[in-house]
Amino acid sequence: MENRSYVGDETWNADTLPVGGLAGNQPHHHHNHHHKHHTTVDLKAPQTTTASDEKPPLREKWGRNIEFLLSCVALSVGFGNVWRFPYTAFKNGGGAFVIPYLIVLFIIGRPIYYLEMVLGQFSNRGCVKVYDLAPAMRGIGVGQTVAIFTVITYYASVLAVTLRYLVASFNPELPWAKCDPTWPDCVDSSRLGSIALGPNVTQPKTSADLYFRKTVMHAADSLDDGLGYPDWRLALCLIASWICIVGILIKGIKSSGKVSYFLAIFPYIIIAVLLVRSLTLEGAWTGIKYFFEPQWDKLLTIEVWYEAVTQCFFSLTICFGGLIVYSSFNDFSNNIYRHALIITSLDTVTSLVAGCVVFGVIGHLAHVTGQSDISKVVQSGPALTFITYPDTIAKFDFLPQFFSVLFFFMLFLLGIGTLIGIVTSVITAIHDQRPDIARWKIVISVGLAGFCIGLVYITPGGLIILELLDYYGATLVTITLAVFELLTFAWIYGVNRVCKDIEFMLGIKTGLFWRVCWGIVTPITVLFILLVSLVQYKPQNVPLGYNALGWCLYAFAVLQLPCWAVYAILQKQGLVWWDRCKAVLRPMADWGPEDPTKRSEYGTFIEEYKQQSVTNRTGNLVEKVRRKLFK
């Protein structure tokens, strides 16, 4: 039987008013003697008016709490750590990037991670329906779904490249270990010794580098001649990747929860093996020193901090909707505070370990090719992982094919784990709005759309398009919508209200650190990064039309916010315009726990809280801010 999510769309009408409001055409008066009466009308209605045969089916749940934890690990610990983090650190000066990244992780990443998990579990709603707490802001969730679908399309193409390498690893000799006779200025990746270069000798490239660019991707240097046609081998790998994703997701969250045991645990075994091997390579410690030694002058550049923020978003997969969706399948009383601390800490450690592996290899490459400047050994970009890791494996003197199969199988599993989470958020967003459509139809439709768009990235110009859409359609959109998400959760809904929700759900008081981060530090930092990035914007090094395409994608995602806000206001019939605007910025009548009994208890709990603080509603701006954050 199809397991449908709780939707609650039947409450989206003229009579839907925020918690504590009156039904019908009456205005929103908040006199003291009305509070209790209003709460009784709105919050307890589901118990008396919803018949058993009309009761919305409860949301599907994880089989066990450990499945949720491991699924979040598989979601957050993936390509963002092993693929994106090393090349972002390399591009931004190694150690000059690590310090800002750790700071940003502490004041932005972890607070947002915990906040999204709280609201997802508390409301049992997906990344769009969670904005029932302020319906005018529902466009944030829609825009984030657009951004995450953009990520899905190019992550799946990277997964296809991974699968291509996995298949090639079964050859009697690794195809990237030796130079092809047609490749000029090439040095074998299997070479262990250093080479001496004359003063007029061109800097050679490794066979792993040339294999990736010339054999696998047929990469073009620019888009002046167009994109080209997709490589048929990569197209087959892309089909196989999407078949795996669709096969895991087609039966719902319980099947993906079972797969998470393998997806989350096995990759760490391989990473440990590769770390040991990387550290034993000659010259490796030079690269690792570059990774951790900060270039203090770069710490004063906004670009490094901007990259740290965006990497934090990608590494933890925050402000994409996936965490809210995963948490929405939790039991109401699950201790997500502990889970948030475990996962964010594990994610950080994984990024640093992956960085050590990559930079150890880069140091060795510098030693082999005779290059003294670490920053000039390889080019930064998505290709870094498919050059440095294969180069490491080619130097193994014992069964390099075996280690290659293990590594690319691990990378494939990491990609699958991440994609399952972010594809689930898109599927859930659609299914929450259209529960009449069978889940399997949505899964297959998303898979087909993702495959068709993904063909673009496996063309000769695909890597350039990947970086273009990563910037406009994912990074820029995510940071922009993150500002509005934090504004909605922390100020429209209120930090104080979030903390009361946590107290009701988990029975714990929220500390000062979380309150200050949610209400002040995190939103101001993200807003500052966004403004500076827009002020210092430089077009991508592609033809003008491609930059225009990027801005169109950005506008399409961000403009969802005002469009859905106008729609929400127009749906509020029977009220004057000003009252409509206020109403759609307050929680809907059915906002709260999924279970009607819990929701009724929550209404009483919140009403008592309001009555305790109602005498302090007057005051200056500072006092109002204090109440919003600390009461």
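Cβ coordinates are placed from backbone N, Cα and C, and glycine is handled just like the others.
Noted in TrEMBL for the protein shown:
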- 18-57: region 'Disordered' (REGION)
- 27-38: compositional bias 'Basic residues' (COMPBIAS)
- 65-83: transmembrane segment (TRANSMEM)
- VAL77, ASN81, SER315, LEU414: Na(+) binding site (BINDING)
- 95-115: transmembrane segment (TRANSMEM)
- 146-167: transmembrane segment (TRANSMEM)
- CYS179-CYS186: disulfide bond (DISULFID)
- 232-250: transmembrane segment (TRANSMEM)
- 262-288: transmembrane segment (TRANSMEM)
- 308-329: transmembrane segment (TRANSMEM)
- 341-366: transmembrane segment (TRANSMEM)
- 405-430: transmembrane segment (TRANSMEM)
- 442-465: transmembrane segment (TRANSMEM)
- 471-492: transmembrane segment (TRANSMEM)
- 512-536: transmembrane segment (TRANSMEM)
- 548-570: transmembrane segment (TRANSMEM)
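Here the transmembrane segment (548-570) does not touch the transmembrane segment (442-465). Their Cβ atoms form fewer than 3 pairs under 8 Å, with each pair 6 or more residues apart. For the binding-site residues listed here (ASN81, SER315), the lowest count of other CB atoms within 10 A around the CB belongs to SER315. Ranked by how many other Cβ atoms sit within 10 Å of their Cβ, the recorded positions CYS179, CYS186, LEU414 place CYS186 at the bottom. Cα of CYS179 (disulfide bond) to Cα of ASN81 (Na(+) binding site): a distance of 30 Å. Those same-chain residues not listed among VAL77, ASN81, SER315, LEU414 yet with C-beta within 8 angstroms of the centroid of the Na(+) site C-beta atoms are SER76, GLY78, PHE79, GLY80, VAL82, PHE85, ASP347, THR350, SER351, ALA354, THR418. Listed by sequence, the residues of this chain that lie at least six past the ends of the transmembrane segment (262-288) yet keep a Cβ under 8 A from its Cβ atoms are 70-71, 73-74, 77, 82, 192, 350, 353-354, 356-357, 359-368, 374, 389, 392, 395-396, 403, 406-407, 409-411, 413-414, 416-417, 420.
There are 29 other Cβ atoms within 10 Å of the Cβ belonging to VAL77 (Na(+) binding site).
Within the same chain, the transmembrane segment (405-430) stays apart from the transmembrane segment (95-115): fewer than three Cβ pairs sit under 8 Å, each pair at least 6 residues apart. Counted as Cβ pairs under 8 Å, contacts with the transmembrane segment (341-366) are highest for 65-83 among 65-83, 95-115, 232-250, 471-492, 512-536. Two recorded stretches are said to be in contact when at least 3 C-beta pairs lie under 8 angstroms, sequence spacing 6 or more; the transmembrane segment (512-536) and the transmembrane segment (65-83) fall short of this definition.
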